[in-house]
Each structure stands twice: as structure tokens, then as C-alpha cells.
């Protein structure tokens, strides 16, 4: 994981960023919306009638995309420790998805309905120490993968942000154990200097 540029340089880059401008114009809460839009255009992940869980959802741009593409048919359930302002059509559960009480809320909300797609655009708080940040990021991916194994229906799909570096190959191997196919995506909205990519696990294997 690479260091962020200085605050002044980052602010200048942010203000001039094509995807930031598009997000403001299109009403998305973050430029990350265009990452999911591009991946979904390519892989056709989101289909009307689906139940989708968005892990680490705040500020909510991926939930916005998901609910738009469901077109009123299906459900988006978003989870985050942080607060997230309401999004029409999105059910939000605030809390840590590792905790039993939060999972019980999710279970009650699902009411026996299987999850078709898990999406997770999570990143740790950046310390600036590369090895520490990489380990934190890998841990988040492991948590999301564990969640997908538990909650995704057989044949369901899983999309997660990963930072290329130490532990990356192990994450890919772990996903291959759980999904019939694993592919890497680097959408245009991912900054070139960023080591982030998205791993897509297709068709969860039967447990």
C-alpha cells in the first residue's frame, strides 16, 4: 500500500478529479460509485430481485449504485460501524458485522431470504506505515470473505477491495477455495498510484 500524497497535494488532486466532479454532478456520495458501476457494467453482478449486502457501506455510494440498479426490485442491506445518512430503498444497520448482536439484526432482517451478492469497498484507517496498513487491509478482506462464506447462497457472488502487497496471493487462494472463479478488476476510477484492486469471487461453492 502506497503512502497518500501530502494533504495539500491530495486536496488539489481531489478538487480536479474527473470522478469527484462526476459524483457531485450525478448525486453520488463518493467517487467510488464509478468503480462499482464499471465493474457491474462488465460483470453484470446486480440484477433486479437480488438481496445485496454492502459491508463497510459508509458514506454510501456503493449502496446508491446497488439500489439504483435493482430498480425497485430487490433489497440492499448496508452495514457499517460509522453513521450513514439514509438512502431511499437501503436498509442500514449500524454496528460491527463481527458482533453477534449485529448479525442477529441482519438475520432477522433477511427473514430466511438468501444473500445473492456481498460487496465490500472497505479500507483501514491509514497510519502511513506500509506494513501495518497492508496487514490491516488484509484483515478487513479476511473478515469480509468469512462473512460471505457464512451468508452468501451457493452460487452467489462476492466483490471486495484488496490492496496488492504482502498477503495478496494468500487472499486470492482463499477466495479460490470458496468460489468457482476469481477475477481481478482495476476500474478506471481507481487512481493509478493506488495499489487497490477488486477481487470478484463468482459462484460460491457449496459448503
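Cβ from N, Cα, C; glycine included.
Remember, predicted model here, so these are calculated numbers, not experimental data.
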Which residue of 40, 41, 116, 121 does Swiss-Prot report at the same S-adenosyl-L-methionine site as 60, 62, 80, 96?
121
Listed in sequence order, residues with CB under 8 A of residue 161 (active site, proton acceptor) and six or more positions away:
120, 121, 122, 123, 141, 196, 197, 198
